[in-house]
Amino acid sequence: MADEFTTTVYRDEDADSSYIESETVAVLGYGSQGHAHALNLHESGVDVIVGLRENSSSWDEAEDAGLRVETPDVAAAEADVVKMLVPDTVQPAVYEAIEDGLDAGDTLQFAHGFNIHYGQIRPPEDVDVTMVAPKSPGHLVRRTYERGEGVPGLIAVYQDATGDAKERSLAYAQAIGCTRAGVVETTFQEEVETDLFGEQAVLCGGVTELMKMGYETLVDAGYSPEMAYFECMNEMKLIVDLIYEGGLMGMWNSVSDTAEYGGLTRGEYVVDEEYAREGMEQVLDEVQDGEFAREWISENQTNRPSYKQLRAAEEDHEIEDVGGRLRDLFAWEAQEDADEKEQVQADD
Ligand SMILES: NC(=O)c1ccc[n+]([C@@H]2O[C@H](COP(=O)([O-])OP(=O)(O)OC[C@H]3O[C@@H](n4cnc5c(N)ncnc54)[C@H](O)[C@@H]3O)[C@@H](O)[C@H]2O)c1
Ligand SMILES: CC(C)(O)[C@@H](O)C(=O)O
Ligand SMILES: [Mg+2]
Ligand SMILES: [Mg+2]
């Protein structure tokens, strides 16, 4: 354990694999997270059953990878740990189908706390309710594990019926590779509120608005769409990679002094103290008071009218058209990714 952090960071040596060795884990869903958890657990020697709908297109893929596949109710009834890796919006319905398979002392586990925190799933008192959440998209959970590495993760205990909920969570985190990188303990509330805030204000919402507005500003001023695309979208990855590897100073050291001075003085013209901070506080308020959750739940109950409209508008944005055509020019990058994926599947 490293004590120079404000919180405990758990590593491999802090986990006891005996808490999961004799368990059967039902991984419900075989999408971004599901395939990575199922394969990593399986290769760590854990007994895994993948839970999928009978008509699921992933059924054969999971079986071809050497995994046993059953419907969610059958998988959950047999398992000691039920891991919910179907989309958050379908989890309440899937929970209804598997509820009867949860015996006293079993674990119901999540990778995101939305449905527990906002009361959409109410498990019985005699099961552990925990979270093991890689802080990463699923394909990286898989890819890093295969290289003998891992992605950082979170654990949280919502309900500790067995008295061993934390040890069992750490053993699961170890089996999917997260303790190789470091695991931090949090609560369901903190995970949900920070995750939703982050993806809305910064990672997904903030960044896409910034890129689109930058592109529109250049194109409206008469610059070519290709130049605007390269400058405001393509190069974003290169800059974020530098920040990922070396923090803010790693990035500032790598760009020119001109870029550094311009960025440090002009950045706040755009993400300004008054308006941007107020906006961020509003995002956080709506997450904390449940307004966002109520809105998203009701969207899903009414066939997603706003979601569909917003998605169509995003798809129609000129930057998607220009970007799509330009990306075709350096399609070798995407091809390399596809080749790597194929290689991974061939190895399984
Ligand atoms: N995607 C990420 O990078 C990421 C990161 C951290 C946490 N999470 C969390 O992980 C969980 C899973 O998200 P995801 O993005 O991996 O999901 P996904 O959309 O990639 O995969 C969903 C899987 O569930 C299956 N499925 C859909 N409906 C089903 C049903 N009714 N019954 C059975 N199976 C069904 C699909 O076939 C698919 O295999 C969510 O709680 C999410 O918040 C995701
Ligand atoms: C990958 C993210 C955005 O961090 C995750 O939280 C999600 O919801 O997909
Ligand atoms: Mg997230
Ligand atoms: Mg999220």
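Note that Cβ sites are derived from N, Cα and C of the backbone, with glycine treated the same way.
Unlike curated entries, TrEMBL annotations are predicted automatically.
For the NADP(+) site that TrEMBL gives as Tyr30, Gly31, Ser32, Gln33, Arg53, Ser56, Ser58, the extra residue drawn from Gly138, Gly148, Gly150 is Gly138. With a CB cut-off of under 6 A applied against ligand 2, the binding-site residues Tyr30, Ser58, Asp195, Glu199 are reduced to Asp195, Glu199. Long-range Cβ neighbours of Ser32 (NADP(+) binding site) (same chain, at least 6 residues apart, Cβ-Cβ under 8 Å): Pro137, Gly138, His139.
Spatially, by CA atoms, the binding-site residues Tyr30, Gly31, Ser56, Ser256 include one closest to Glu199 (Mg(2+) 1 binding site), and that is Gly31. Summarised by DSSP class, the composition of the domain 'KARI C-terminal knotted' (187-333) is 129 helix, 0 strand, 18 coil.
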